[in-house]
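Since the structure comes first, as structure tokens, the remarks are kept for the end.
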Amino acid sequence: MANRSCIIRLSRYKNALNRLKTLNFVRVFSDNLADAAGVTAAQVRKDFSLFGITGNRRGGYKVDELSDQLNKILGKDQLQEVVVIGMGNIGKALFHYGGLEKSGIKVAAGFDIDPVKFDRDSSQPVLPLEGLVDFVRGHNIVLGVIAVPDYAAQQVLELMLSAGIRGVLNFAPICLKAPEGCIVNNINLESELENLIYFVNALEDGK
Ligand SMILES: NC(=O)c1ccc[n+]([C@@H]2O[C@H](COP(=O)([O-])OP(=O)(O)OC[C@H]3O[C@@H](n4cnc5c(N)ncnc54)[C@H](O)[C@@H]3O)[C@@H](O)[C@H]2O)c1
């Protein structure tokens, strides 16, 4: 089975492919995708071979075909609905980010406990947390984002799981454990920045 890094690379290849498409490329080679995704051509071929995608040494890959294959693997051949829990800075930013729809991801609704945030009658509503389970079940949604303070994250995760959510993107700075049958991706912006600082300092030291 492919690991997380491989899937992140596939997503990069797909974005690179979209850019090449706008430049009217009909065929691409692993070198083109490697350059655009910052990996080696051998890595591109290795990643593709995991999914049975084969090119041709002379002709490369057909852009349209490859694009369809990657979209299918990444589940982008159909619109994916997502709910966002916690409509503060992070939640609102995601909620209003138009770029997601272009990628086939629709934020169907936001949820919060603060009545000031509610907007029940909108086509993209913000609803009280109590309505989460019914909404998620009614819309067959399996993906959710946690954007609540750290102390509330575990409880929110449990509610999401009871609703049938199986994939969670967690922005709260605590590492939530994924129970069986669910995948939790913890995004810790602070750790990412610390990581960057460490490697920038290491670059400086290596001068
Ligand atoms: N804002 C940032 O730049 C940033 C950066 C890194 C990490 N984070 C983390 O992301 C999370 C969200 O950050 P933020 O800045 O958007 O916070 P915020 O305080 O602006 O918003 C949090 C929202 O969650 C709601 N909330 C609280 N408890 C809830 C519950 N049990 N159920 C549903 N909603 C609830 C609040 O009413 C509020 O609207 C936090 O855990 C924060 O530490 C934020």
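Just so it is clear, glycine is given a Cβ too, placed from its N, Cα and C backbone atoms.
It is 12-51, from the ranges 12-51, 92-131, that TrEMBL records as DNA-binding region.
Cβ environment of G86 (NAD(+) binding site): F111, D112, I146, A147, V148, P149, A152, V156 lie under 8 Å away, each six or more residues apart in the same chain. Other residues of the chain with a Cβ within 8 Å of the Cβ centroid of G86, M87, G88, N89, I90, G91, the NAD(+) site, are V84, K92, A93, L94, D112, A147, V148. I90 (NAD(+) binding site) falls within a helical segment according to DSSP.
Other Cβ atoms within 10 Å of the Cβ of N89 (NAD(+) binding site), summed over all protein chains shown, number 10. Packing around I90 (NAD(+) binding site) is summarised by its Cβ count: 18 other Cβ atoms lie within 10 angstroms of its Cβ, all protein chains included.
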